Amino acid sequence: MSRRRHTTSKKVDRLFEPVTDPNRYNETSEGNAAIHNNPENFQSRQTLWNECRNTCQNGGKCVESYKDSYSYTCSDLNSNCGGGLKCERGVCITTKSKTESKRESFFCLCEFGYTGFFCDERCTRDCGVHGSCKIIDQKTGTSECKCDSDFAGPYCTTKIVARNEDEILFHWYVTGVCVAIGSLLIGLMIISTYCIWKRRRLFV
């Protein structure tokens, strides 16, 4: 699943560039990490967040894990990103580019129930551990679940089983054999009918 990195194009004191490829950036620290995850079960994000929040101490915030989209972690990072920008309900992750530009960028890791560039959009639909809540109408607050590529359904609980290449080839092989046998039988029926007709004609 691709990570949801909330970037911004607003001008600040530092030179920022969008976070597009995580491999181009150095590792970042998430503070006193206490990860709670369960990717195999359809456990709700609300439950995972509550478990994580109960372990947070000394003012730490429980937010989505930077390295694992199926988990939450206690972070003692600051919510201020500099330049007057702030993650309203989350913490600010600052990264340095590995390219020659050496630019810095940032994104917000949000608490459960919040989304948006600055974690300022309330989105409470629980999409489980295989999806994320997305606001589709700001006026009414209507939301929907944006599922991982291999999950579907209104709450991202339906596993999409992709058939492997061998299974597909076997399917076409069986189909081809059935078509060949069917064509052979039809051909034999036509030949038999013709032979019977010709034989009767000789004795007439």
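Any Cβ shown, glycine's included, is placed from N, Cα and C.
What TrEMBL says about a protein is an automatic prediction, not a curated fact.
Small disclaimer: the values here were computed from a predicted structure and weren't measured.
When secondary structure is read from DSSP and collapsed to three states, C133 (disulfide bond) falls in the strand class. Taken from TrEMBL, the feature disulfide bond applies to C123-C133 (among others).
Per TrEMBL, disulfide bond is recorded for C147-C156 (among others). Listed in sequence order, C127, G128, H130, G131, C145, C147, D148 are the same-chain residues six or more apart from C156 (disulfide bond) with CB atoms under 8 A from its CB.
Within the model, the domain 'EGF-like' (120-157) shows a mean pLDDT value of 83, rounded to a whole number. According to TrEMBL, the feature domain 'EGF-like' maps to 120-157.
Annotated region 'Disordered' per TrEMBL: 1-37, in sequence order.
Look at TrEMBL and you will find 170-197 tagged as transmembrane segment.
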Other CB atoms within 10 A, centred on C123 (disulfide bond): 21
All-chain count of other Cβ atoms within 10 Å of C147 (disulfide bond): 21
